[in-house]
Amino acid sequence: MPPKVIVGTLIINTLLMAISGITYPVIPLYIVGSGFGVLTAGIVTSIASIASFCSQIMWGYVSDRIKRRSRVMLYGSIIMLLFYTAGALLSNNILAIQLSYIFSTIGSAAVGVASYALVADVDPHNLNRNMSMYWAGGSLGWATPLLFAGWLLKTYGIVSIFTVSLLLSVIVLILTVVLMSIDRGIAIVSTKRSVWSLKPIGRLLRNGVFLILYLSSFMFMVGDVIKNIYVPQYQAYRIGLGESLATSILSLASWFEIPAILLFGYVLYSIGATTVYIVSLISMSLYLYLNSAVGGLTTASIVMASYSIVWASYITSISVLVPLSVDEENRGLALGLVNSNFALANIFSNIILSYMVAIHGYGQTFIFVAIIMFLLAIAVAITMLYRRSPLRAS
């Protein structure tokens, strides 16, 4: 039974990330390309991120309390189906497009955090293997639509983006229903009586190791926001590569991420998850700095491909460290909080970053964030490696 659950969640995450890959980078590009400007695109993305941030924490908490991850996934897939349908039917209305995108993130948050926690529930002793497979599938899903997302937008318009997302959501819903019939028992994370209160959040925030992971993960995700939104804008509109080529280059990292994630998952315990995590923070700093020097197709492709190491080292290590840093009764909430950092980074960073880009340009913005990332990596290294962190040997 566990292998079936792993395969099911892997496929669902692959499809979920495919939906993200065709909507998250493309919709801001559509807004900017339609003449509404980078500030408007940043505001829309930030609002969507607020919905995603709150939803991931809420759904993670709910999945802990009801002890059925797949039921939360079912709720999420239905929400996605409804709002992608609305977006496809009302694609001529810019407000409807924005609202459909924003509300669909509530559903995708439910599917994402619940499936993430379900993988950790299946076999906590093989987190490196299971999580590496889970996220390798995610990279495959993210990379595939990026190959044609820009072309699809340019050729058939925004309606095609919502239509593809709708079709993928239907498949996610069907697979979730199937998964519900085979995950009984596995999804029950504790035999203790469920209590609905805010105490679990308080316990997590008093957990020093988790707090370090949470805060540093947030800053990493600021870098990921730059990679997914501002680097393609820089390549498309400043370097002059165009939307189609910029989104295709964005997919390069994801294709290389697949073997990189599997490799890191294989060697994670021998190297140490904490060490790999620190390496991911340093490599993010280097990646952002190198993007400030990109001037053409060749350098843009090489630097983007190098992001595979950045992401693979981060996602494999954080996926092991977080479940090990908390008790199993709060695993869904902990993973929801960390997973929501991507949305939280969008909420706060998009408005700030778009303003910085408008005033100082893309290159200077990349360098500034790179410096902050490097200093953060040093601070985390000192704290976790030299202050007797419980995860030092992880």
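The count begins at 1 with the first shown residue.
Cβ atoms here come from the backbone N, Cα and C positions, even for glycine.
Quick look at what TrEMBL lists:
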type     : residues : note
DOMAIN   : 1-388    : domain 'Major facilitator superfamily (MFS) profile'
TRANSMEM : 7-32     : transmembrane segment
TRANSMEM : 38-62    : transmembrane segment
TRANSMEM : 74-95    : transmembrane segment
TRANSMEM : 101-120  : transmembrane segment
TRANSMEM : 132-152  : transmembrane segment
TRANSMEM : 158-183  : transmembrane segment
TRANSMEM : 204-223  : transmembrane segment
TRANSMEM : 263-290  : transmembrane segment
TRANSMEM : 302-326  : transmembrane segment
TRANSMEM : 333-359  : transmembrane segment
TRANSMEM : 365-386  : transmembrane segment
Stretch-level contact, the transmembrane segment (101-120) and the transmembrane segment (365-386), CB cutoff 8 A, at least 3 pairs: no
Local confidence of the prediction over the domain 'Major facilitator superfamily (MFS) profile' (1-388), expressed as mean pLDDT: 85
Cβ pairs under 8 Å between the transmembrane segment (132-152) and the transmembrane segment (7-32), at least three: yes
Top partner of the transmembrane segment (38-62) among 7-32, 204-223, 302-326, 333-359, 365-386 - counted as Cβ pairs under 8 Å: 333-359
Touch test for the transmembrane segment (204-223) and the transmembrane segment (302-326), at least 3 Cβ pairs under 8 Å: yes
Long-range environment of the transmembrane segment (7-32) - Cβ separation under 8 angstroms, sequence gap at least 6: 38, 40-42, 44-45, 73, 80, 97-98, 101, 104, 108, 111-112, 115-116, 118-119, 133-135, 137-146, 149-150, 152-153, 158, 161, 164-165, 168-169, 171-172, 175-176, 178-179, 182-183, 228-229, 232-233, 236-237, 243, 246-247, 250-251, 254
